[in-house]
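Worksheet: the structure to be examined is printed underneath.
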Amino acid sequence: MTRLDPRPPVNPRRRLVTRVWLGLFLVAVLALPLVVTNPYHMQVVLTGFIFAIGAYGLNIALGYTGLLSLGHAGFFGIGAYAVALLTTDLGWPFWPSLVVAILVTGAIGFVVGSICLRAKGHYLAIFTLAVGMIIYQVLDKWESLTNGPIGVVGIPGPSPIGPITFDDFTSRYYLTAGFLLLAMLCAWRIKSSLFGRTLLAVRMSEPLASASGIDVMSAKRLAFTMACIYAGVAGGLYSSFIGFLGPDIASVDITFNMLLYVLLGGIASISGPLIGTLLVYTLTQFLQAFQQYQMLAFGPALIALVIFMPYGIAGAASLILHRLMPDRPRPRSAAPVRGQTGETVRP
């Protein structure tokens, strides 16, 4: 018996266009330090890549599973402070500190998810918002550990890997780009795997997914934990590359910024969080001279995008590409018909 695949074959031209765009993106990432020589511009792009990694974690929770986590920046702050305190107070190298930061954020995310994911809808959003505010208050008030509002300064950069050092912007850029590409690859693998389809089923209808034999709570808990791990990685990179940080890095403003990146770029898409982050973050940094007018520009632009492109920039581009290059329908084979005499007649 042959296995039937209900999905139509993908248009080879669209697949070619996708691969060409992917190749151009990789070339642009590799060639950017050769074109952009201004250290400030490199710092903006590097920081944008870090926030994009955090946005990919939020996209796993919200885009893949439908979990609106408004405490995402809290886990970003946990990862940042874990690396900062281990490297400054205990003198640990960067790489073991980053591993510990990942484990800590993952463990806390697992515990928080086991409790708060029993709530649904706006109750979940309020619960996670409260968790994020608690984390912010802990980082702000626990002065004996975090230095309170003063924050942590003098955070060392990434330690060398053999002969490879990360003392300049170019090497740090390529290191951050490597983490970003790894985050995108993991997000793509999750989306195209059985686990990704499980998360999609949970997002569409939890009762139906549960009736199909899916452990809904375990799926949501794992997705929430993975989102926290993404945030922890991004926070650890941020603290090491920036060199100083305060409790504001865990504020709800950071969560709303990442949420804006995901929604603007394209929710549940692979390229959406990166597109949204680079578009919004870089524009806000380069247009700081007009900071008082930024919301006057971003507000109407966001409203227009929600109305005309509800799936974000990446979603709109995907829809246009599908219309220009639609999937070819799978050819149907005519069923044999038996004649009155018993012989098989094929039309």
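Quick reminder: no glycine exception, Cβ is built from N, Cα and C everywhere.
Annotation source TrEMBL lists transmembrane segment at 20-36 (among others).
Taken from TrEMBL, the feature transmembrane segment covers 42-62 (among others). Within the chain carrying the transmembrane segment (42-62), a Cβ under 8 angstroms from the stretch's Cβ atoms is held by residues 32-33, 36, 68-69, 72, 76, 169-170, 172-173, 176-177, 179-180, 183-184, 187, 190, 199, 223-224, 226-231, 233-235, 237-238, 241-242, 255, 257-259, 261-262, 265, 267-269, 272-274, 276-278, 281-282, 285-286, all 6 or more beyond its ends.
Annotation comment: TrEMBL describes 69-88 (among others) as transmembrane segment.
Non-local neighbours of the transmembrane segment (94-116) in the same chain are 71, 75, 78-80, 82-83, 86-87, 124, 127-128, 131, 156-159, 161, 220-221, 224-225, 227-229, 231-233, 235-237, 240; each lies 6+ residues outside the stretch with a CB under 8 Å from one of its CB atoms. Look at TrEMBL and you will find 94-116 (among others) tagged as transmembrane segment.
The feature transmembrane segment is assigned by TrEMBL to 123-139 (among others).
Feature annotation from TrEMBL assigns transmembrane segment to 173-190 (among others).
The transmembrane segment annotation in TrEMBL covers 222-246 (among others).
According to TrEMBL, the feature transmembrane segment maps to 258-283 (among others).
Feature annotation from TrEMBL assigns transmembrane segment to 295-321 (among others). Within the same chain, residues 14, 17-18, 260, 262-267, 269-272, 275-276, 279-280 sit at least 6 positions outside the transmembrane segment (295-321) and bring their C-beta atoms closer than 8 Å to a C-beta of that stretch.
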Positions on the same chain near the transmembrane segment (69-88), where near means CB under 8 A and six or more residues out | 54, 57-58, 61-62, 94, 96-98, 100-102, 104-105, 108-109, 112, 124-126, 128-136, 139, 145-146, 152, 154-156, 224, 227-228, 231-236, 238-240, 245, 247, 249-256, 258-259
